[in-house]
Amino acid sequence: MHDRLISGTEKPEDHFDRAIRPTSLADYIGQPVVREQMEIFIGAARGRGEALDHTLIFGPPGLGKTTLANIIAREMGGNLKSTSGPVLERAGDLAAMLTNLEEGDVLFIDEIHRLSPVIEEILYPAMEDYQLDIMIGEGPAARSIKLDLPPFTLVAATTRAGLLTSPLRDRFGIVQRLEFYSVEDLTHIVTRSANLMNVPMTSTGAAEVARRSRGTPRIANRLLRRVRDYAQVKGTGEVTHDMAQRALDMLNVDKDGLDTLDRRYLSMLLERFDGGPAGVEALAAAMAEDSGTLEDVIEPYLIQQGYVMRTARGRIATNMAYLQFGLTPPEPKN
């Protein structure tokens, strides 16, 4: 897997971001529809003295799903217990977490699409009836007992909502999709992070970092740290527009947030395959990559931004891709 600076997937150094994450909905920047809805749902649940309905949050990596789960727990006044789908391998793992919950607590499960069917079966009665069915003993002497659980809220996050089973998806009372952020919202996020990090920064410097962050706060904060380093060594320490531009150019992140791997993909599609259609396996072979890397790492942003179309016949470069490389788009075929 490529260690890309502009990957939305969390890296070890991103743990630093936890210190600058917002802790309340009032501080939460962007996602106005989600924020307004959650303010209403949380306020109503608190007013009734009830646990918030189970909440599913989905969207691309790096948009703030974990941050929102933390905010929900804090706003509801409960403790947050965190785990992830791949970690919950045995029924006993989940049972231990559920029985340690107190009333009003939030259980956060990241990558919930990777839960095993056995674990899902345990979750169903826990979500619906606040009950835990566990087996005592083995063989013919085995018996099932029910344990009552305190009212709690399950907050689940996934980047692949389509992989969730219908029975699991249907048990969430609240479903929120996080969208890519606007440059304006990302500029506010970068400015806030710079202030918390004591990094002097101009408004145009913040906007330049935001513009190249692919609509993703995690990438914006990562780029901010690298630009800060550059300004500290190559300048006075202040992140100006010029300083941000020079730093990001050095890091091979262009004005549209594309990196070397993105440009190599587009160049291959345009030149080797005449703009397509090209099958993903053929593209992967030409780039000496595996098709999974193309589908999961490279293509999502290029498709979302309109550089590439995915069709039944294969990948096709759009006019925007031609213009990105200074090429003349082909005439439409009749």
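From the backbone N, Cα and C atoms, a Cβ is placed for every residue, glycine too.
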Site co-member for ATP according to Swiss-Prot, given Ile20, Arg21, Gly62, Lys65, Thr66, Thr67, Glu128, Asp129, Tyr130, Arg171, Tyr181, out of Arg218, Arg222, Arg225: Arg218
Cα-to-Cα gap, Thr66 (ATP binding site) vs Arg315 (DNA binding site), nearest whole Å: 33
Residue among binding-site residues Arg310, Arg315 with least C-beta crowding, 10 angstrom cut-off: Arg310
Euclidean distance between Cα atoms of Arg315 (DNA binding site) and Tyr181 (ATP binding site), Å: 26
DSSP helix/strand/coil residue counts for the region 'Small ATPAse domain (RuvB-S)' (182-252): 51 helix, 2 strand, 18 coil
Reduced DSSP assignment, Glu128 (ATP binding site): helix
Per-residue Cβ crowding (10 Å cut-off), top of binding-site residues Tyr130, Tyr181: Tyr181
